[in-house]
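Heads up: the structure comes next, in structure tokens.
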Amino acid sequence: DTFPRVQQTRPLRAPPSSQDKIPQQNSESAMAKPQVVVAPVLMSKLSVNAPEFYPSGYSSNYTESYEDGCEDYPTLSEYVQDFLNHLTEQPGSFETEIEQFAETLNGCVTTDDALQELVELIYQQATSIPNFSYMGARLCNYLSHHLTISPQSGNFRQLLLQRCRTEYEVKDQAAKGDEVTRKRFHAFVLFLGELYLNLEIKGTNGQVTRADILQVGLRELLNALFSNPMDDNLICAVKLLKLTGSVLEDAWKEKGKMDMEEIIQRIENVVLDANCSRDVKQMLLKLVELRSSNWGRVHATSTYREATPENDPNYFMNEPTFYTSDGVPFTAADPDYQEKYQELLEREDFFPDYEENGTDLSGAGDPYLDDIDDEMDPEIEEAYEKFCLESERKRKQ
């Protein structure tokens, strides 16, 4: 029996005693001497050494069976499916249990059919359960490097890519299909995006690269989605680009390709022409905005350069501007600025109670001016913050 049986014991009731009975007395004697009732002592047969109890349907017995290997399972598929369900429920256990799982598979997966079955089980789990696509991609990457079986039909990674190609070849029909077909197709698209990010291919020199075939496949899948601009297709395209857009654009730029520019242009055309919903158009515009900000990535300057008038056009931005008696402005960029500014500073010594703008600092101040709120208008404050951020960005370039 998988689950240990727990012996149910009934609490023992102490035999009735004289203490349990309250003698019948008249009211006067009862008020004079109240009787004290002593609760009976109940004895239990429960023991601290009893086996651990699991409620019916609880899956904690997985760990014991898992450690014993696939011999305790009727078939290999049941063992693998049990592990996949376990990872779905407890993704944090991946790091601690994946090594043992791979070792067990190396002892159980010994034929071409068994390897094919393993690939299919992982693929179905990754495309049928949305939250498992990332974990499934990580699992595929680990097994592609640690499974030792490599039959003539191909190793684990080759069989996995062949399985993905089967779905890829019907992309155009799937993007035009009914709602159920499109939903299954979208799950495949997002899983392929996770595979592109997580599936590592080690070269002969030890360098790690991504699968170029997946990069090409994702480009064609985006074409299929944008060629059929239904709301759910466009939402899937947005999710895919948010997931892989930065990596895809970097890879295309290294090859001198302008694929991302073409995709962005296509998105803008969809926003203008397609009959998609307003919310989806808003998602597409937000995606274009994200891409214009380099996918939200912030690159710190590699070397620090002290700002000078020669390398920073905003060097004098925070310096005050003065006007001559003729109304001609002069700033810190003027050759005579420092000398004239020094004269103004010396002139302040003669008027210690006034600021440069003439505000009287000696008294309590103007009661009317004291009541004015110093806070900026929200629109002015937002514009000012944008101005400061833009100036800081230009200064660092």
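For all residues, glycine too, the Cβ spot is worked out from N, Cα and C.
Where the annotation comes from TrEMBL, it is an automatic prediction and has not been curated.
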For TrEMBL, the entry region 'Disordered' belongs, out of 59-79, 353-373, to 353-373
Confidence summary (mean pLDDT) of the domain 'MIF4G' (77-294): 93
